[in-house]
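A short worksheet on the structure shown next.
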């Protein structure tokens, strides 16, 4: 038996349609589409009516171009392979004044999106004056030059409700957008909203915006806990099997380095064929697994195995669910296991069997 990572294609597609809510989305497909597989995700998103994509990798951007010849593809990281960016008609961020002045000749013919730094401080122009400096210099540049097609930022605090930072970054951003538009500047694409912001705004675009740039919600995880589970549906299942059930006694230690001390006689431990080598985070192993519709506590994690404390209703060959729509990735995000994307990224697709299921089972 081999632990299996599987995605229900119909549920994945329907979730994307529901998330889109008839709004223009830029689907974030970075890191191999959150490890759902880039080709699979792009194909499904196209079926859902999405024709604009973003990633952080030039290699992935080129792959998307091969999959979607007519799509708009936005590269969120600045790169230096300018000929490749031009050749594949990829849009790219313009991250700073320094980058602009160092490479404005290299950028000739490339579509760029001016990036506002905002509270995240990861990349971008620091204020309106820096953005206008580029716009003015670009206007007076008589040489072959870049094409300013977009304006964007990233909200780093849209999933935080106990602080005012989202309102601050949203307000600062809207002031930038409205100031530029009021001075007659025009942009084909204006985008800022991530999944959390998109849902906080009622699944509609902010004023003047052309797209919401949505990632994790498209993959079936809620960006914050107060959202109803029915609003975003997980299509992913991660399952393993019980190899055998062992009976242990009070005082026994099970697992490496005294991982679990047994406190009751005749305790039953299911040995399950999945472990941290398959991508189960140690923080996830502090919680439960689902067997025959019931949750049981995980007691120890090893490279290729785990111990789950069970009862007499669990037997060899029973399925053990680590994730599905009843025991969701986002549930464990909110319990502190790790970000949705962190749990997805940890899974080892070289050791897990991968399946894409075409029906509702």
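Cβ coordinates are placed from backbone N, Cα and C, and glycine is handled just like the others.
Record features, source Swiss-Prot:
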type	residues	note
ACT_SITE	30	active site, proton acceptor
ACT_SITE	256	active site, proton acceptor
BINDING	122, 303	substrate binding site
MOD_RES	30	N6-(pyridoxal phosphate)lysine
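Swiss-Prot feature annotations superimposed on the structure.
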{"residue": "30", "record": "active site, proton acceptor", "contacts (Cβ under 8 Å, 6+ apart)": "54, 55, 56, 57, 60, 76, 215"}
{"residue": "122", "record": "substrate binding site", "contacts (Cβ under 8 Å, 6+ apart)": "154, 156"}
{"residue": "256", "record": "active site, proton acceptor", "contacts (Cβ under 8 Å, 6+ apart)": "300, 302"}
{"residue": "303", "record": "substrate binding site", "contacts (Cβ under 8 Å, 6+ apart)": "275, 276, 277"}
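Look at residue 303 (substrate binding site): DSSP puts it in coil.
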